[in-house]
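Here the structure comes first, spelled out in structure tokens, and everything after it is commentary.
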């Protein structure tokens with residue numbers, strides 16, 4: 001696992017919290033303005049991710065200028081004596097097309113779920129990602145769950161169940177079809193878990209900047225939607241909650257609405273930019289912490305979304321939803337060792353898990369050390385500098 005200062009890591013997590021809250025609130029605001037285009041909104045999200053390529057290119061340009069000014073440093077790129085084979089050897093950095101596929105499917109379903117559900121319910125059901133990531137980590141990453149993690153998953157599962165029950169029993173002003181929205185959102189979490197776990201797996205095996213990883217995911221998703229949107233524009237649909245003018249999608253109408261309504265215009269640009277920064281800070285959190293830390297922050301923004309929804313008059317307060325949220329928070333803090341209980345062996349469980357993480361980190365650093373011949377940075381002697389400086 002890569003190392004950075006705790007301040008920088010905190011900044012990534014804070015950025016993920018703020019931009020993630022903005023994503024949900026702005027997207028729901030567009031729905032409230034009569035903008036029923038979940039597929040177009042999803043394409044906008046991938047466009048925002050694709051913008052990370054521009055930021056990555058700018059940083060690379062600045063880095064090259066800095067290296068050019070420092071003539072005592074030579075960057076030597078050479079082929080490994082033993083090229084990597086298998087998935088990483090064939091796809092290289094474009095292995096991130098795989099999490100992009102999961103992201104595309106999950107995000108599409110979640111935008112549909114957001115149209116049908118209240119914003120806070122949408123955000124709280126996303127807390128189910130803790131359970132999904134835990135299961136996937138055991139199955140695909142071959143991790144073991146400790147006592148405190150199993151307890152955390154149980155709390156999160158009960159909490160999400162209460163939130164789902166409140167969505168069905170207490171209808172919200174902004175929820176078109178809460179039960180269908182609930183089912184769609186739960187299905188989406190199983191796909192979203194694939195994003196978190198695959199990114200953690202690939203970031204540990206591929207040398208890549210988080211901005212570049214997000215850019216590749218954005219390019220993959222945007223390419224898919226460039227093909228998909230024209231098809232959706234010719235498929236008839238009678239569901240007024242999800243469809244536009246008798247079709248699954250009406251992209252021209254989406255652009256018309258944005259062009260003639262300054263609120264939608266600001267929201268569209270705002271959601272695009274916030275998605276760009278949200279995914280960059282999210283992937284950075286995964287790279288420098290882990291997938292579970294990212295999912296914890298993702299769950300923490302629920303409170304901000306809920307408070308805003310009540311202040312905006314979209315939802316009313318109910319105790320069942322509050323109880324579910326409290327259990328969800330307890331579950332995530334237990335799982336990620338923010339809350340350490342001093343009884344029933346929970347403290348020993350946390351200590352054992354942390355020792356395992358340290359050992360895993362040493363193994364990862366040893367693995368990466370064996371592959372440092374892919375890119376080497378070596379100091380030059382003065383005579384070499386003079387020789388290379390000559391025309």
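Yeah, the Cβs are placed from backbone N, Cα and C, and that goes for glycine too.
What TrEMBL records for 7-26 (among others) is transmembrane segment.
Per TrEMBL, the feature transmembrane segment maps to 38-59 (among others).
Residues or ranges marked as transmembrane segment by TrEMBL: 94-115 (among others). Residues 24, 27-28, 31, 36, 38-39, 41-42, 45-46, 87-88, 122, 125-126, 176, 181-182, 184-185, 187-189, 191-192, 194-195, 198-199, 202, 206, 208, 213, 216-221, 224-225, 241-242 of the same chain sit 6 or more residues outside the transmembrane segment (94-115) yet have a Cβ under 8 Å from a Cβ within it.
Annotation source TrEMBL lists transmembrane segment at 121-141 (among others). Away from its own ends, the transmembrane segment (121-141) comes close to residues 24, 28, 110, 113-114, 149, 152-153, 156-157, 159-160, 163-164, 166-167, 172, 175, 178, 181-182, 185-186, 189-190, 192-194, 196-197, 200-201, 291-292, 295-296, 298-299, 301-302, 305-306, 321, 324-325, 328, 331-332, 335 of its chain (Cβ-Cβ under 8 Å, at least six residues beyond either end).
Among residues of the same chain six or more beyond the transmembrane segment (153-172), those with a C-beta under 8 A of the stretch's C-beta atoms are 117-118, 121, 124-125, 127-128, 130-131, 134, 145, 178-179, 181-182, 186, 314-316, 318, 320-321, 323-332, 334-335. What TrEMBL records for 153-172 (among others) is transmembrane segment.
Annotated transmembrane segment per TrEMBL: 178-202 (among others), in sequence order. Long-range Cβ contacts of the transmembrane segment (178-202) within its own chain (Cβ-Cβ under 8 Å, at least 6 residues beyond either end) map to 95-96, 98-99, 102-103, 105-107, 109-110, 112-118, 121-122, 125-126, 128-129, 132-133, 135-137, 140-141, 164, 167-168, 171-172, 213, 283, 286, 290-291, 294-295.
The annotation transmembrane segment is assigned in TrEMBL to 214-235 (among others).
Note on the transmembrane segment (255-280): residues 15-16, 19-20, 22-23, 26-27, 29-30, 33-35, 41, 44-45, 47-49, 51-52, 55, 210-211, 214, 217-218 of its chain, located 6 or more positions outside it, place their CB under 8 angstroms from a CB of the stretch. What TrEMBL lists as transmembrane segment is 255-280 (among others).
The transmembrane segment annotation in TrEMBL covers 292-314 (among others).
Nonlocal intrachain contacts for the transmembrane segment (320-346), taken as residues 6+ away from its ends with a CB within less than 8 angstroms of a stretch CB, comprise 120-121, 124, 127, 130, 134, 147-149, 151-167, 169-170, 292-293, 295-296, 299-300, 302-303, 306, 353-354. Residues or ranges marked as transmembrane segment in TrEMBL: 320-346 (among others).
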